[in-house]
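K.L.:
Look at Swiss-Prot and you will find 15-23, 42-43, 74-76, 169-173, 202-204 tagged as NAD(+) binding site. According to Swiss-Prot, the feature phosphoserine maps to Ser60. Marked as substrate binding site by Swiss-Prot on the basis of similarity to another entry: Ser156. Feature annotation from Swiss-Prot assigns N6-succinyllysine to Lys160, Lys173. Positions annotated as active site, proton acceptor by Swiss-Prot, on the basis of sequence analysis: Tyr169.
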Amino acid sequence: MASQLQNRLRSALALVTGAGSGIGRAVSVRLAGEGATVAACDLDRAAAQETVRLLGGPGSKEGPPRGNHAAFQADVSEARAARCLLEQVQACFSRPPSVVVSCAGITQDEFLLHMSEDDWDKVIAVNLKGTFLVTQAAAQALVSNGCRGSIINISSIVGKVGNVGQTNYAASKAGVIGLTQTAARELGRHGIRCNSVLPGFIATPMTQKVPQKVVDKITEMIPMGHLGDPEDVADVVAFLASEDSGYITGTSVEVTGGLFM
């Protein structure tokens with residue numbers, strides 16, 4: 001079984017945004033571990049390069065045998081940057097990515113009564129607009145090349161149930177769910193599957209800013225009794241990226257340990 005997983009994505013080229021840390025890095029490691037070539041993208045180029053180093057490159061003794069991963073830098077909230085990212089990936093690997101995972105995301109928390117328009121706009125721009133731009137550019141590349149693919153967008157359970165102090169984040173992640181379902185309806189005839197993943201409270205750099213007393217309270221609400229790890233999300237992404245999920249599209253998979261059932 002282990003050897004099968006190591007080769008499950010052996011022919012895949014995977015573009016992962018937000019690959020410099022947290023869920024994005026864990027997804028990159030998991031996909032590479034299953035044989036995929038990874039194009040790791042982050043706003044922080046050095047962080048993306050560090051992820052690629054962890055994957056192992058040509059001639060490296062670490063990582064999967066195929067190796068040839070590459071790092072890219074892009075601000076996915078800008079249309080031109082998103083288009084250029086896909087062009088750069090295609091130029092580097094001579095084909096469009098068959099797996100696209102949008103993990104890039106930010107928070108700017110504040111209560112609704114005090115939230116600034118700027119904080120609203122920043123979160124919507126990265127989390128929702130950025131996911132739209134990458135999804136659109138990837139779909140255009142796949143369709144124009146006559147290729148099948150799997151697009152996986154990282155949403156959040158907060159997009160389904162809301163959360164105090166996160167009106168902008170909740171709205172952005174709810175939008176990702178709707179975007180992904182609509183994309184699935186439109187792109188299915190092209191052989192492109194689109195699914196979203198809804199993490200719960202996952203131990204990442206983003207959640208490390210949460211006060212410990214809040215973490216303890218949330219942990220008490222999780223039936224599984226503990227926070228999730230980025231690898232828990234990566235496990236689901238790898239399944240959705242593979243042909244093991246070949247008849248699954250338009251779905252939203254919750255990775256929450258049972259939080260907010």
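Each residue, glycine too, has its Cβ placed from N, Cα and C.
Keep in mind the model is a prediction, meaning the values are calculated, not measured.
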K.L.:
Return the count of C-beta atoms lying within 10 angstroms of the C-beta of the residue listed as 'substrate binding site', excluding that atom itself.
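P.N.:
Summing over all protein chains shown, the residue listed as 'substrate binding site' has 28 other Cβ atoms within 10 Å.
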K.L.:
With a 10 Å radius around each C-beta, find which of these binding-site residues (Asp42, Asp75) has the fewest other C-beta atoms nearby.
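P.N.:
Candidates: the binding-site residues Asp42, Asp75. Fewest Cβ atoms within 10 Å: Asp75.
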K.L.:
Taking only the recorded positions Ser156, Lys160, Tyr169, which one has a CA atom nearest to the CA atom of Asp75 (NAD(+) binding site)?
P.N.:
Tyr169
K.L.:
State the count of C-beta atoms found within 10 angstroms of the C-beta of Lys160 (N6-succinyllysine), not counting that atom itself.
P.N.:
16
K.L.:
Fill in the CA-CA distance, Lys160 (N6-succinyllysine) to Gly18 (NAD(+) binding site), as an integer in Å.
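P.N.:
Rounded to a whole number, the Cα-Cα distance is 22 Å.
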K.L.:
Excluding near sequence neighbours, so keeping only residues 6 or more apart in the same chain, what lies with its CB under 8 A of the residue listed as 'active site, proton acceptor'?
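P.N.:
Listed in sequence order, they are Thr107, Gln108, Asp109, Val123, Asn127, Ser156, Val158, Asn163.
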